[in-house]
Amino acid sequence: METFLFTSESVNEGHPDKLCDQISDAVLDACLEQDQDSKVACETCTKTNMVMVFGEITTKAAVDYEKIVRDTCRTIGFVSDDVGLDADNCKVLVNIEQQSPDIAQGVHGHLTKRPEEIGAGDQGHMFGYATDETSELMPLSHVLATKLGARLTEVRKNGTCPWLRPDGKTQVTVEYYNEKGATVPIRVHTLLISTQHDETVTNDEIAADLKEHVIKPVIPDKYLDEKTIFHLNPSGRFVIGGPHGDAGLTGRKIIIDTYGGWGAHGGGAFSGKDPTKVDRSGAYIVRQAAKSIVANGLARRCIVQVSYAIGVPEPLSVFVDTYGTGKIPDKEILKIVKESFDFRPGMIAINLDLKRGGNSRFLKTAAYGHFGRDDPDFTWESGEAPQVGQTSS
């Protein structure tokens, strides 16, 4: 049996880039909670003792940007300079302007257009991917890397591993074989965790705790064997982290946000963008389409692409590839997808309820992935997707 190795990485919520994603989406939540027609393009950057929020926002909402920044940093665990940032004492800079009137008239007619008439907020192409290798219909390498990162945060916050600090990265290499186009995982080949820690803990203690409290609860035994390679804090020391260790910027973890390197990516980031930005809404609808194809037995694995022109409601193209795993020809699946899903941005926002903010709705997406999550706020993952051509064959 011929096999291959594939690797996916993740970072947890204390990584400086992910900190920025979360702040941008917390701003989006605050705007949409008060004004569902808010137009938000919010970027964040951070470095030692500083967070800056900037971009274009047109909203009726009264938003305290500085409070959102400090609350988000504090919730993550950035409560002192020692851990990488002090939420209560760092500098917060805000440079927010209104959306360009040129874009506003072209996309939503200054809010005069009906939902079906709303154009895409920009040009671009987005991809959705699904595979039957996990119950989430997501790639196993990505799922495991993501869950390891989430578990790191869990054992830090609940006190199981008090030596942990907010920043951290994970990476998982899985050995697969190709079964007529479908990807079938065999085992975990290599597992890597690099986590920020305090001065009190030894490397041996770090390795022991990570194996017992992070790896063991996350990685199913069937995927581990005597040949599995573990790299646990291989650099030997990771005390300085967060924005103190590295600069952070919104939108720099787009592969972690999606499919861990599987499928394809159009290049557009998600966080801080309202649903007229098809970088986000377009990616959500094609994930739902791809997931529906696999969930309904039309294929074991598939990718869906959609593309847009700024100001134009209808997509320029829709593409489906099932990697040879389709139960019917791809062109027939494409026809079903076009009949089952409305790819116009205004209708995506309605059908996926993307104008609803608050309750950390989009903040939750900004760490540990936008896809494969079991949460009713992740409407693009829900069972409410159109039943696209179910098959029992």
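The backbone N, Cα and C atoms fix where each Cβ goes, and this holds for glycine too.
Listed in sequence order, the residues of the same chain lying 6 or more apart from Glu9 (Mg(2+) binding site) and placing their CB within less than 8 Å of its CB are Ala145, Lys169, Thr170, Gln171, Val172, Ile255, Ile256, Gly260. According to Swiss-Prot, the Mg(2+) binding site annotation covers Glu9, on the basis of similarity to another entry.
Around Asp246 (ATP binding site), the C-beta neighbours below 8 angstroms that are at least 6 residues distant in the chain are Pro16. Summarising the annotation, Swiss-Prot assigns ATP binding site to His15, Asp167, Gly168, Lys169, Ser235, Gly236, Arg237, Phe238, Asp246, Arg252, Lys253, Ala269, Lys273, Lys277 and lists similarity to another entry as the type of evidence.
In the three-state DSSP reading, Glu43 (K(+) binding site) counts as strand. Every protein chain shown contributes to the tally, and the Cβ of Glu43 (K(+) binding site) ends up with 22 other Cβ atoms within 10 Å. Summarising the annotation, Swiss-Prot assigns K(+) binding site to Glu43.
If you look up Swiss-Prot, you'll see Glu56, Gln99, Asp246, Lys277 marked as L-methionine binding site. Around the Cβ of Glu56 (L-methionine binding site), 16 further Cβ atoms fall within 10 Å across all displayed protein chains.
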Which of the binding-site residues His15, Gly168, Arg237, Lys253, Lys273 has its Cα nearest to the Cα of Glu43 (K(+) binding site)?
Lys273
Counting every protein chain shown, other Cβ atoms within 10 Å of the Cβ of His15 (ATP binding site) number 28
In Å, rounded, how far does the Cα of Lys253 (ATP binding site) sit from the Cα of Glu56 (L-methionine binding site)?
21
Considering each pair of residues in His15, Asp167, Gly168, Lys169, Ser235, Gly236, Arg237, Phe238, Asp246, Arg252, Lys253, Ala269, Lys273, Lys277, all listed as binding ATP, report the largest CA to CA distance in Å, no decimals.
42
